[in-house]
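Peer 1: Below is one structure. I have some questions about it.
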Number of protein chains: 2
Amino acid sequence: MKNRVKQFVAPTLIVALFSAAGLVMAQQAPKPETLIKVRQSAFQVVAWNSTRIKASLEGTYNKEDVIKSANAIAAIANSGLGSLFAAGTETGKGWHETSAKAEVFSNGARFAELGANFGKEANELASVALSGDANLVKNQYGKLTSTCKACHNDFKSKD
Amino acid sequence: MKNRVKQFVAPTLIVALFSAAGLVMAQQAPKPETLIKVRQSAFQVVAWNSTRIKASLEGTYNKEDVIKSANAIAAIANSGLGSLFAAGTETGKGWHETSAKAEVFSNGARFAELGANFGKEANELASVALSGDANLVKNQYGKLTSTCKACHNDFKSKD
């Protein structure tokens, strides 16, 4: 009888343990819609700070404002945005339906390469911003936005 | 005759110039819904990076991951979030209806004070993260999240 109980209990325990493990994993792994929402938010903040730098370059140059915005863009670019495009997030809704093209997931190496270019130029802009030299900043800002455009052309849907 | 032409042209020119200035201002001043959308995005990115630091503290500590997340939070905290709560954004929809309470706008001094606390502790966390000492990071992370809670209690609606 004890053996029969053991035989009954053991698989139940194993199932229970696996279920618990599954539950823990489910709690830790972010939902696809969360990842999509966070990446949409991150690029929104990048775009906002890009607009602020542009306003400084086209209007009255504000050194402190440009430094703050360039730092925000660089820190977000360095924060590991690639992980927000995890498998399972090919389609779905964050704040809105994802704008990521299928190529993000089918050509991950190229997407990562363009992401690295974005990070490199963003870091350089944060460095150049410290000089307060509007011409240097304008030149580097152009390099940064060209990395944005390159990635959008290949990996972001237009609608 | 020349004088009459001048009298006619001059006010017209002034009106035209003011209109052009108005147009430029209209182009430069962001819409309230843009400001609301950007602040909602910024706090979403802050929350995401906070979650990543928490995961490191509660699971396997990843020094580089914590540094990246702490830098992102600090750079956003330093980027001038207060300007996203400009007059005219008391109500309205960004990604969703604003969660800002009326007190943000009626008690701006206290809101700014709590915002400065957030920035201070975020900068300190970015600094402490470089040590890779999980206990120090845990302690400072607690200080940072207490500034989040303090502000949410007074200035963010629950629903």
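From the backbone N, Cα and C atoms, a Cβ is placed for every residue, glycine too.
It should be emphasised that the depicted structure is a prediction, and the values quoted were computed from it without experimental measurement.
OK, TrEMBL features for this one:
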- A:CYS148, A:CYS151, A:HIS152: heme c binding site (BINDING)
- A:1-26: signal peptide (SIGNAL)
Peer 1: Near A:CYS148 (heme c binding site), how many other Cβ atoms are within 10 Å of its Cβ?
Peer 2: 20
Peer 1: Who sits close to A:CYS151 (heme c binding site): which same-chain residues at least 6 apart have their Cβ under 8 Å from its Cβ?
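Peer 2: Non-local contacts for A:CYS151 (heme c binding site): A:PHE111, A:LEU114, A:GLY115, A:PHE118.
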